[in-house]
Every structure is written in C-alpha cells, then in structure tokens.
Number of protein chains: 2
Amino acid sequence: MGDNDMILEFSLLIILLGSLVALFYSLFRSRWIFRQPVHDAKLQKIGKAISSGAMAFLSREYRVLVPFVLIAAAFLAVGNKGVLRYQALSFVLGASFSALAGFIGMKVATASNSRTTEAARTGINEALNIAFSGGSVMGMTVVGLALTGVFIILGVSLVLTDITVLYLRESILPILSGFSLGASSMALFARVGGGIFTKAADVGADLVGKVEAGIPEDDHRNPATIADNVGDNVGDVAGMGADLFESYVGSLVGAMILGAAVEGTASLQMKLVTFPLLIAAAGVLASLIGIKFVKVRKGQSPQVALNKGTFGAAILAALFVLIMSLLYFRGEIFPVSMSPIRIFLSALLGMAAGVSIGLITEYFTGVDTRPVNAIVKACETGPATTLITGMGMGMLSALPPVLIIVTAILAGDQLSGLYGIAIAALGMLMTLGVQLAVDAYGPIADNAGGLAEMAEFPRAVREITDELDAVGNTTAAIGKGFAIGSAALTSLILFTAFREQLGLKVIDLMDVKTLSGVLIGAVIPYLFSSMAMNAIGDAAFAMIEEVRRQFREKPGILDETEEPDYERCVDISTSAALKKMILPGLTAALTPVLVGFTGGVFMLSGLLIGVTVSGVVLAIFMSNAGGAWDNAKKMIESGAAGGKGSAAHKASVVGDTVGDPFKDTAGPSLNILIKLMAVVSLVIAPMLKSFWRL
Amino acid sequence: MGDNDMILEFSLLIILLGSLVALFYSLFRSRWIFRQPVHDAKLQKIGKAISSGAMAFLSREYRVLVPFVLIAAAFLAVGNKGVLRYQALSFVLGASFSALAGFIGMKVATASNSRTTEAARTGINEALNIAFSGGSVMGMTVVGLALTGVFIILGVSLVLTDITVLYLRESILPILSGFSLGASSMALFARVGGGIFTKAADVGADLVGKVEAGIPEDDHRNPATIADNVGDNVGDVAGMGADLFESYVGSLVGAMILGAAVEGTASLQMKLVTFPLLIAAAGVLASLIGIKFVKVRKGQSPQVALNKGTFGAAILAALFVLIMSLLYFRGEIFPVSMSPIRIFLSALLGMAAGVSIGLITEYFTGVDTRPVNAIVKACETGPATTLITGMGMGMLSALPPVLIIVTAILAGDQLSGLYGIAIAALGMLMTLGVQLAVDAYGPIADNAGGLAEMAEFPRAVREITDELDAVGNTTAAIGKGFAIGSAALTSLILFTAFREQLGLKVIDLMDVKTLSGVLIGAVIPYLFSSMAMNAIGDAAFAMIEEVRRQFREKPGILDETEEPDYERCVDISTSAALKKMILPGLTAALTPVLVGFTGGVFMLSGLLIGVTVSGVVLAIFMSNAGGAWDNAKKMIESGAAGGKGSAAHKASVVGDTVGDPFKDTAGPSLNILIKLMAVVSLVIAPMLKSFWRL
C-alpha cells in the first residue's frame with residue numbers, strides 16, 4: 001500500500017467491519033436477553049417500574065438537552081468558515097450517538113436485571129450469563145456506535161473529495177473533533193444528571209427508610225426504593241456508558257490528530273493517522289473473544305471467569321497490535337526514534353499503566369486491605385476519625401497513579417513522541433468492549449439483588465446475586481484505573497492537538513496570562529464538584545421530605561395496608577437531576593469559550609493544564625476515598641469492628657454517605673470535565689485563530 | 001541621591017531604624033506585661049504549667065531540628081562555589097531568628113494569658129490591653145527580627161566589598177535567599193509540629209473528656225486539658241509567628257530580587273532593590289501607630305478598637321508608600337509603563353486584594369452568614385449532610401480568592417511588570433506588625449478563658465474573656481486573607497526569581513518534562529496534607545488511650561480525690577508532634593532537590609507551578625471548610641438548630657472535629673509548603689545551573 005486513498009479506504013473498511021461486528025453482536029445478544037423468561041408476576045411488575053422509570057428519565061433528559069445541542073450546533077455553524085461548518089453536523093451526530101448508546105444500554109440493562117433475578121433461581125452460572133450479557137451489549141454498543149460515527153464522517157469525506165494529509169489535518173480531523181465534542185457534552189450531562197438522580201434517591205431511601213423507619217434496604221415498603229434502583233441504572237449504567245463512549249472517541253480522535261502531526265512521508269503520515277482505527281477494530285475482535293471466555297465452571301468463582309475475559313482480551317489485543325504494526329508499517333521510513341516496535345510498545349505501555357493504576361485503586365479501596373482496615377479501625381472512635389482517616393487515605397492514594405501517569409507520559413514520549421502518548425492512551429481503552437461489559441455487569445447484578453428483595457424471593461436467590469455483585473470489584477477497579485489514566489492522557493493529547501491547530505510554537509509558563517490561566521484552571525474542578533455536591537444535598541433534602549411525608553400521611557405503608565407512591569419519588573429525583581445538571585454542565589462547556597475569547601489563547605492553554613492536573617488529582621482523591629469508605633462499611637457489615645448495629649457501623653454509614661457523591665458523582669464527572677474543556681478548546685481553535693489574528 | 005553606595009547606606013539606615021523601633025517596642029511592652037500581677041495562686045500554678053509545657057515543647061523542637069539545619073547548611077556550604085558559600089551562614093541566621101521569634105512570642109504569650117484572666121476581674125478594657133499587648137509583642141518581634149536579619153546580611157556585605165547592582169543580583173541576593181530558606185524551613189516544621197500537637201491534644205481532650213466522661217471543656221479534671229492549652233500556644237502562637245516571619249522575609253527578598261531584574265540605570269535599579277526595605281520600615285511605623293489606636297472606650301465593642309488599629313495602620317501605610325515613592329524615585333528615568341505612582345498603586349492593589357480575600361473568607365466562614373447557615377441547617381439531618389454541605393461550601397469558597405489573586409497578578413503586571421506583583425505581595429504584609437498582633441491576640445484571649453475555667457474563676461470573668469475571644473474573628477479573617485494572597489503571590493515571585501537565576505528564557509508548557517512536573521506538583525499538597533492528617537489521627541489515638549487509661553486507673557479524678565497526670569499528656573503530644581513532623585517536612589524540602597537534580601530544571605519549574613496552584617486551592621478549601629464548621633458549631637451552641645445537646649449539635653461537633661486538622665494543620669501548612677519549595681529551588685538554582693551546564 002502506498003497510495004493515500006487506498007490506505008484510507010482500507011482502514012475505513014476495517015473499522016466498518018469492526019463496527020458491524022460489534023453492533024451485530026449487540027443486536028443478537030440483546031434479542032437473546034429479551035427472550036429469557038420472567039415468570040414471577042411481582043418481579044415482572046417491579047422490573048417494569050424500574051425500566052419505565054429509567055427510560056422516562058432518559059427521554060426527559062434528552063429532551064432537556066436538545067435545545068442546548070442545537071444552540072451549540074448553531075454556534076459552530078455560524079462561528080466557523082468554509083468546510084469547517086460541518087463541525088455542527090458531526091457535533092450533532094456525536095451527541096445523538098452518545099444518547100443512542102445510553103438508550104440501548106439502559107434498555108438492555110433494565111431488561112437484564114429482572115431476568116438475572118429469575119435465572120438466579122436456577123443457578124449462579126445462568127444468572128452470571130444474563131447479567132454479563134447485559135453488560136456486554138452495553139460495551140459492544142458503545143464501541144460499535146463510536147466506530148460507526150467515525151466511519152460515517154471519514155467515509156462521507158472520502159466520497160466528496162480527494163483526501164490529502166494536509167486536508168485531513170486542516171479540515172477532516174477538526175470536523176471529527178466536533179463528533180468528539182458532541183460525545184463529551186452528552187457524557188458530562190449524563191454523568192452529572194445520573195449522579196444527582198442516583199445519590200438523591202439513595203440518600204433519601206437510606207436516611208429515612210433504613211435509619212428512621214428501620215426497614216431493610218430495598219424493602220418494597222420504602223417509597224424511594226424504586227427511585228433508588230432506577231438511579232443505579234441511570235447513574236451507573238447510562239452515565240458510565242456515555243462517559244466511556246466519550247473517552248473512547250476522544251482518545252481515538254486525539255491519536256489521529258497527533259498522527260497527522262508527525263513529520264514524514266505522506267504515506268507514513270496517512271498510516272499513522274489511520275493506525276488508531278486499526279487498533280480500535282482489533283480491540284473489538286479481542287473484546288469479543290474475551291467476552292466468550294466468561295463462563296463459570298462448576299465450583300469456580302465468577303471472578304475467575306471475569307478475569308479470564310478481561311485479561312484474555314488484553315493479551316490478544318496486545319498481540320494484534322504487535323502484528324498489525326509490523327505489517328501495516330512495513331517499508332515505511334520512520335523519523336529517528338520512531339519505529340513499528342516502538343509504536344507497539346507505546347500501546348503496551350498504556351495497558352501496563354492502566355492495569356497498575358487499577359491495582360493501586362484496588363489496594364486503596366478494596367476489602368481487607370491495609371488502608372481500608374485503617375478506616376475500619378477509625379470507625380471505632382466515631383464518624384470524625386472515620387472521615388479524617390478516609391480523607392487522609394484518599395489524598396495519599398492520589399500519589400501513585402499520578403506517578404504512573406507521569407511515567408506513561410515520559411516513556412510514551414521517549415518511545416514515539418506525542419504520538420506514543422496518544423497510542424498509550426488508546427491502548428488503555430482498546431478492549432473497552434469487554435471492560436465496559438464487566439463494569440456494567442456490576443450494577444445489573446446489584447439491581448437483580450434489589451429486585452429479589454423487593455419481590456420477596458427466597459434468601460438463596462439473594463445470596464447468588466450478592467455473590468455476583470461482590471466479584472466484579474477487582475475487574476471494575478482496573479476499569480476505573482483505565483478510565484482515570486486515559487482521561488489524563490487524552491486531555492493532554494487533546495491539549496496538544498489544540499496547540500497544533502493554533503500553531504503555537506511555545507506556551508510560556510512565565511507569561512502572566514498563562515500562569516493566571518493555570519490558577520483559574522486549578523480551581524474549576526473544585527467549583528464543579530461543589531456544584532455537584534450542593535445539587536445532591538438539595539435533591540436529597542427534597543427526597544427525605546417526600547419519604548417522611550408519605551410515611552406520615554399513609555401510616556398503613558409500614559404494615560402493608562397502604563401502597564407507597566413510588567412514582568412521586570422517581571419524579572422528584574428526575575426533576576432535581578434535570579434542573580441541577582444544567583449549571584455545572586454549562587460552566588464546564590462555556591468556561592473555555594469565555595477565557596479563550598477574553599483572556600486569549602495563552603490564558604486558555606494555562607486553563608486547560610490547570611484543569612487537567614487539578615482535576616486528575618481531585619478525581620482520584622474523591623473516587624478512592626469514596627470507594628474506601630464504601631468497603632469499610634461493607635467490612636463492618638460482614639462482622640468487623642462490632643458488626644452491624646455497632647457504633648462503628650453507624651460511623652461507617654456516615655463515611656459511606658459522604659463518600660457516595662465523592663465516588664459516584666463528583667469524582668467521575670471530573671474525568672469528563674477535563675476532556676470536555678480540552679475538546680471545546682480544540683473545536684473553537686479555528687475561531688480563536690481568526691479572532692486573535694494568529 | 002545617585003551614588004549606589006549612598007542609596008544602599010541610606011536604606012540600610014532606614015531598616016536599622018525600623019528594626020530597632022520594633023525590637024525596643026517589644027522589649028518595653030513585654031517588660032510591662034511581666035510586671036502585671038497574677039494574684040490567684042491556682043491561676044499562677046496552672047499558668048506556669050502551660051507556660052513551661054509550651055517552652056519545653058519549643059526547646060525540644062528546636063533541639064530536634066538542629067541536626068537538620070546543620071546538614072542543610074553543610075550541603076549549602078559544600079554545594080556552592082565562591083562567595084555563595086555564605087548562603088550556609090545566612091540560612092543558619094534565618095533559622096535561628098525564626099526560632100528566636102517563636103521563643104520570644106511564646107514566652108510573652110504564655111505570660112499574657114494568665115495576666116489577662118487576672119485583669120478580666122477588673123474589666124474588659126484592662127483584659128484587652130494585656131491580651132493585645134501580648135499579641136503586639138509577637139508581631140513586632142517578628143517584624144523586628146526579620147529586618148535585623150536583612151540588615152545584618154546587607155550591612156556585612158557593604159562593609160566587606162563595594163556593591164554594584166550586578167554583584168547584588170549575582171551574590172548578595174542569593175545569599176539573602178538563604179536567610180529566607182532558613183525562615184521557611186523552620187516555619188514548616190513549626191506549623192506542622194505545632195499543628196499536630198494542638199490537634200492531638202484537642203481531639204483527645206474533647207472526645208474522652210467532653211463526650212465520654214461528660215465534663216465541660218477546660219475542666220481541670222481532664223488530664224489532657226493542660227496539653228490542650230499548651231497546644232493552642234504552640235500551634236496558634238508559635239506556629240503562626242514562624243509562618244508569618246517566613247512570609248514577610250520571602251516577600252521582602254522576592255521583591256528585592258525582582259527589583260534587580262528591571263532594566264534601567266544603575267541608580268534606578270538600586271532604588272528598586274532597596275525600596276522594599278523602605279516599605280517594610282514604613283510598615284513598622286504604621287503598625288506601631290495602629291497598635292496605639294487599640295483602646296476600648298466605655299460602652300464600645302473591642303471589635304471597634306481592633307478595626308481602628310488594623311485599618312488605621314493600613315491607611316497610614318498606604319500614605320507612607322505614596323509619599324516615599326514620589327520622593328525616593330524623584331528624578332529617576334523609568335522604563336515605559338513604570339512610574340512611582342504605578343509602584344504605589346501596586347502596593348495599594350496588594351492591600352485591596354488582601355482585604356477582599358479576607359472579607360470573602362469572613363463571608364464563607366463567619367457566624368450567621370448564608371454558607372454557614374446552610375451548614376447549620378444541614379446539621380439537622382446528621383453528620384453526613386453536615387460534611388457534604390461543608391465540603392461543598394469550602395470548595396466553592398476557593399473560587400473568589402483565586403479570581404482575586406489572578407486579578408492582582410494581571411493588574412500588578414500591567415502596573416509595573418513582575419516588580420508590580422512583588423510590591424503587591426509586600427503591600428499585603430506591610431503592616432504585619434499590627435496584623436500579627438490581632439492574630440496572636442485571639443489565642444491569648446482563648447487561653448485566658450481556659451485558665452478562668454480551670455482556676456474556677458467566677459462566671460463573669462469567663463464572660464469577659466469570651467467576649468474578647470469572639471471579636472477578633474473578622475480582623476483575623478482578614479489576616480488570613482493576607483496570608484493566603486501573599487503566599488500565592490510570593491511563591492510566584494520566588495519562582496520568577498528562580499528562573500532569573502537560571503537564566504531560562506522560556507519554560508514551555510508543551511515540554512513533556514514541564515508537564516510532568518506540573519502533574520507531580522499538583523499531587524504534592526495532597527500527599528503533604530495526607531501525612532499531616534494521618535499524623536494527627538495517630539497522635540490523637542495515643543492521647544485518647546492515655547486519657548481513658550487515667551480515668552480508668554485513677555477513678556478519683558472525677559470526684560477530685562485524685563490528681564490527673566497532666567504532664568504525661570503534654571509529653572505524649574510533644575513526642576508525637578516531634579516524631580511526625582519530620583516526614584512531611586523532609587518531603588517538602590527534598591522534593592525540589594530530587595526533581596531538580598534528576599528531572600532537570602524544566603520539570604522542577606513545572607513542579608513549582610503545580611504545587612503552587614494546587615496548594616493554594618486546596619489550602620483555601622481546607623481552611624474555609626474548617627472555619628465554617630467551627631462557626632456552625634458555635635452558632636448551634638448559642639441556640640441555633642436546637643442548641644447544645646441536640647442531634648444537630650452532635651453533627652456539628654463531628655464537622656468541627658474533621659475541620660480542625662483542615663483549618664489548623666494541613667491548610668496553613670500548605671501556605672508554607674508552596675513557598676518553601678520555591679525558595680529551596682531558588683537557593684539550589686546556582687548548583688543546578690552548574691550541574692546541568694546551563
């Protein structure tokens with residue numbers, strides 16, 4: 001291969017294949033899930049309530065967001081010149097595909113949960129099969145839609161014109177970054193909105209139901225219980241899906257842009273630009289094989305099955321990249337300090353970094369580790385020491401991941417320059433299909449347990465779902481590590497792409513404007529987290545009032561002579577989430593625009609760096625502190641430090657309640673925030689260039 | 001004046017006068033304090049116990065630090081070449097003067113507290129007079145010793161050689177930065193050590209005494225009560241004194257270095273270098289007059305008196321700077337965009353920024369403000385919502401100060417370039433004498449109240465000391481604003497001076513090493529806070545065990561048939577503080593050395609920026625969240641949300657206990673951390689230059 005068009009056509013063919021494989025898998029697997037039976041009438045009814053609550057939330061959310069999407073698209077159409085106006089279209093495409101992925105994932109997840117409960121009557125393997133299938137549909141849909149979007153944009157471009165590397169760099173890739181922007185915007189709103197919904201419902205259900213009324217978690221007499229389970233879906237499933245959709249697209253587009261920036265022959269450049277597509281397609285195949293590995297043998301823990309799937313896919317993926325890089329780049333002349341093997345090593349570096357961050361996350365947040373044991377011990381002296389110790393551990397836990405990210409940056413740069421860093425980021429997300437399957441499997445199993453409780457299934461069923469729920473932790477922690485690591489690297493890549501677009505040779509840290517930008521940037525994650533936490537506070541307060549009101553006005557709820565009004569609680573969470581997600585979302589999206597057009601490109605550059613470094617550290621701190629409190633509580637509930645009902649248990653509940661918005665709302669939203677601000681800047685770069693006459 | 005030596009001699013004469021005025025004031029005022037009577041025997045005995053506990057801690061602390069100071073001095077003597085070896089001496093001088101300031105301040109403060117209690121029997125004016133005099137001795141000693149140190153170094157240099165601006169820039173100012181390093185190192189250890197001491201004692205006294213044994217705060221039956229009161233002195237008085245000593249020296253030295261970097265005639269440069277000295281001397285005079293304003297008239301609140309002192313001094317100081325800049329720079333030719341009026345405006349800008357940050361601090365942490373009321377309301381739904389709301393508010397509170405600091409940077413730069421920023425930072429600290437008097441007055445009044453309680457004085461005495469304690473808040477908040485603002489600006493100035501020393505033209509944010517440095521820098525404040533918080537956790541645990549042991553083994557303590565062992569508790573806090581302050585202190589001091597010699601100067605530059613921005617934001621968040629929880633508790637104790645003993649009160653105590661290490665240990669230490677790392681880098685800059693052959 002040497003002709004540019006041929007290279008592009010070949011890689012387009014490959015991602016078309018990749019996206020078709022992923023989407024067809026999703027289609028057939030979800031049809032299989034829907035065919036599974038739910039015999040129990042009560043289970044059916046409750047399952048339907050959760051499903052329709054979740055879908056109602058999603059469609060209301062999308063309806064709220066439509067005007068924003070259209071306004072932003074109009075801004076892109078008006079602000080841009082020439083062919084770049086198509087950014088508006090690709091932006092809408094990105095937003096729609098993200099919404100679609102969320103919609104499909106949610107539909108399947110809310111169908112899988114009750115079927116998992118039903119299957120748990122038969123056995124753990126049957127239940128695992130359904131829960132994991134639900135997750136795998138989510139994973140493959142996200143990957144498939146992302147690749148489809150990229151295929152459409154590149155394919156249409158190829159049909160309309162002859163594509164040179166220069167044209168790619170100056171027109172097509174900027175348009176593609178519009179797709180990424182659409183995905184990021186939706187992701188931020190989905191994460192924040194879903195996060196507020198789920199935590200408001202959770203806090204309301206726990207504080208009034210468990211603590212005040214003294215009924216168990218997931219008891220059907222609790223008016224907030226349906227809202228709580230809907231929340232798990234809209235927060236953990238739809239929120240996470242949108243989140244990783246945008247990570248995946250962001251790292252793909254970022255790597256393509258940096259590929260076009262490498263000095264070399266036209267054919268080498270074209271191959272470097274398209275290689276990320278090949279990596280993605282190979283990742284689909286590896287994920288699919290990995291998913292097939294997930295089967296429990298008799299007497300084996302489900303954890304072994306999940307590990308086989310995740311690690312199997314990763315090893316295969318690495319092998320694919322090695323082979324592809326040797327074949328694809330054969331005969332190309334590389335600049336010094338770049339080679340096919342070095343590109344392969346960059347991808348491997350990314351995977352290693354992601355796994356390491358994951359293992360460290362597991363160490364700081366897992367059951368029965370030294371840090372979590374310290375928190376359990378601190379619970380014995382009350383909530384204050386619980387919080388101080390948890391925060392101390394959370395802060396400490398930020399150091400190793402940062403050092404790993406720094407190592408990945410420096411080593412990636414040594415291997416293949418900025419392109420190496422980009423490939424490392426992409427390497428982390430290459431097997432997203434199976435990673436997301438494991439991630440989304442958790443909430444499905446959790447929900448299945450809640451359903452077993454609400455539908456008053458026998459204890460044995462709940463035990464199976466509990467076992468399923470418990471095992472995903474390590475693999476999920478590794479997934480989190482990939483999310484954090486790739487967020488940091490991707491936002492740096494997008495930042496680099498932004499600088500390329502503007503043609504800035506140097507961004508001097510001594511410039512007072514740059515410095516001011518860094519300082520402002522550093523405070524934005526705090527502002528954003530504050531908004532998220534205050535929103536949860538307000539929404540939870542409304543929920544608490546409502547649940548108290550129902551118990552007061554319908555005293556028959558507790559002895560089951562009256563029916564609680566579940567819908568009213570779902571409605572409160574929905575309205576609060578939709579109202580409260582707007583301000584943080586707009587702050588994130590508009591700050592770069594404001595700073596870019598008033599403070600200039602150097603202040604904006606500083607802002608991006610400030611947001612990234614401060615956001616990464618704050619996000620790790622919040623996520624890990626929250627995770628550690630969660631598991632400290634679980635350890636105490638399994639008998640540590642006096643067990644359930646002890647003073648230590650009460651202290652651990654306080655820790656967990658504080659940790660919930662940390663780990664499920666503010667923390668993960670920050671990962672999107674830093675990328676969203678970078679991609680907004682990248683997209684407005686051409687406008688800034690003409691505005692400031694650079 | 002045109003001759004360089006004459007300019008230097010004149011300004012040396014002025015700071016000599018300034019330092020003598022300050023030191024003589026301290027001498028006479030402290031003799032007056034010691035002459036005041038303490039009639040009550042029990043008060044005398046307890047006062048002595050606190051005083052000797054505090055002095056014992058200080059001398060043990062200094063003894064622990066001597067080896068570190070000597071090793072660092074040896075490193076400076078060996079690592080440097082030529083005349084720069086004298087850095088070792090000036091470093092030791094800086095460390096010794098800081099220790100001396102702490103020693104004198106503590107001696108006087110622990111003499112003032114019991115005398116304040118005694119005087120409160122006569123009336124509020126008498127009590128205020130002693131408490132404030134104690135604070136003013138602290139303030140004036142700090143300022144006087146700082147100026148004396150600078151005078152000695154510059155004076156000796158002038159005697160030994162003829163001083164040109166070049167020689168100043170390349171030799172004398174680097175030696176002077178050794179003085180600043182000595183001050184910073186001591187400050188960090190003093191803050192961390194004092195912070196650990198006071199919080200361990202506080203938590204131990206509260207959790208076991210108040211909560212478990214049910215005896216009131218400051219009850220003499222509590223074994224930890226003396227340790228608690230000793231802690232207030234070593235943390236709030238000695239820690240704060242060392243902290244502000246280093247801020248003052250740092251901003252003075254930083255401004256001198258930047259003055260030498262302005263392009264212009266030799267005489268203009270010399271005047272720019274020496275002008276900060278004139279500002280400092282004028283500040284002494286203004287502070288002294290301000291201190292004289294502090295007198296309570298019949299029927300007036302003590303707050304009015306304190307305000308008159310602080311604001312009177314500030315207005316006078318501004319006036320002095322205006323006159324001096326017009327006279328001193330008469331006939332000099334300035335570069336474009338610089339002028340005497342612009343230099344004056346820079347100082348004014350700094351003052352305005354400091355006051356604004358202070359008022360915002362007051363808004364977010366004061367009694368009965370909107371944010372604190374929100375926390376009070378959240379206390380009603382338990383400790384979890386208390387913590388979530390408090391953290392949300394604390395995070396939000398970081399935004400306005402950061403915007404003010406950014407404004408000060410940008411406006412200072414517009415007014416007189418980097419020199420303008422330096423003068424703005426110095427402007428904030430110009431009237432440090434009176435600011436520190438107000439700051440140190442608070443803990444003295446607080447201690448006096450504790451003494452009244454322990455010595456079982458009549459209720460009326462306690463009411464007077466409570467009133468004194470309550471009023472310093474707004475003025476103290478403004479002092480905090482000055483500390484935060486000046487820390488941010490000073491560390492940027494020191495960073496600039498560092499770059500000047502290395503001769504780096506540009507520090508490119510796109511360089512992966514710079515970026516990696518920023519990322520590592522951003523995590524250091526978290527690491528440091530985590531160490532501080534874990535240290536407090538461990539120390540408090542030991543204290544809790546000890547107090548429980550005493551109550552268990554000496555059951556007669558509660559009915560006063562047995563005497564508690566106060567000394568044992570003082571000893572536990574002392575040992576814990578001295579042991580636990582080493583690791584965070586060394587981390588702060590050694591990280592820049594390690595990064596500079598292994599990662600290079602660009603990574604080190606990035607590190608400094610990362611530490612500064614992340615540290616400033618985290619410090620404001622922690623300080624304000626802690627302050628807000630503190631006042632929320634006080635509001636509830638005065639009757640809000642159900643008052644003392646209610647569930648809301650319990651929640652507020654949890655908030656306050658979490659907030660204590662935030663606002664009294666980790667938060668303020670971060671202000672020193674960012675400057676210490678900058679000044680370490682500045683001091684090792686010549687070594688780095690030859691190591692990396694720049």
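Here the Cβ of each residue, glycine as well, is placed from N, Cα and C on the backbone.
What you see is a predicted model, and the numbers here were worked out from it, not measured in a lab.
In TrEMBL this protein carries:
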TRANSMEM  A:6-28  transmembrane segment
TRANSMEM  A:62-80  transmembrane segment
TRANSMEM  A:86-106  transmembrane segment
TRANSMEM  A:172-190  transmembrane segment
TRANSMEM  A:272-291  transmembrane segment
TRANSMEM  A:311-329  transmembrane segment
TRANSMEM  A:341-364  transmembrane segment
TRANSMEM  A:384-411  transmembrane segment
TRANSMEM  A:418-438  transmembrane segment
SITE      A:Ala476  site 'Determinant of potassium dependence'
TRANSMEM  A:518-544  transmembrane segment
TRANSMEM  A:588-621  transmembrane segment
TRANSMEM  A:672-692  transmembrane segment
Leading stretch by Cβ pairs under 8 Å, where the reference is the transmembrane segment (A:384-411) and the options are A:86-106, A:311-329, A:588-621: A:588-621
Contact call for the transmembrane segment (A:518-544) and the transmembrane segment (A:672-692): at least 3 Cβ pairs under 8 Å, seq gap 6+: yes
Residue numbers, six or more beyond the limits of the transmembrane segment (A:86-106), whose CB comes under 8 Å of its CB atoms: 26, 30, 54-55, 58, 62, 65, 69, 72-74, 76-77, 80, 137-138, 141-142, 145-146, 148-149, 152-153, 174-187, 190, 233-234, 237-238, 241-242, 245-246, 249, 440, 683
Highest-contact recorded stretch vs the transmembrane segment (A:172-190), from A:272-291, A:341-364, A:672-692, CB pairs under 8 Å: A:672-692
Residues from the same chain, set at least six apart from the ends of the transmembrane segment (A:62-80), whose C-beta lies under 8 A from its own: 87-89, 91-92, 95, 99, 103, 178, 182, 185-186, 189, 578, 582, 585-586, 589, 683-684, 686-687
Stretch with greatest number of CB pairs under 8 Å, the transmembrane segment (A:311-329) reference, A:272-291, A:341-364, A:418-438 candidates: A:272-291
Contact between the transmembrane segment (A:272-291) and the transmembrane segment (A:672-692) (3 or more Cβ pairs under 8 Å, separation 6+): no
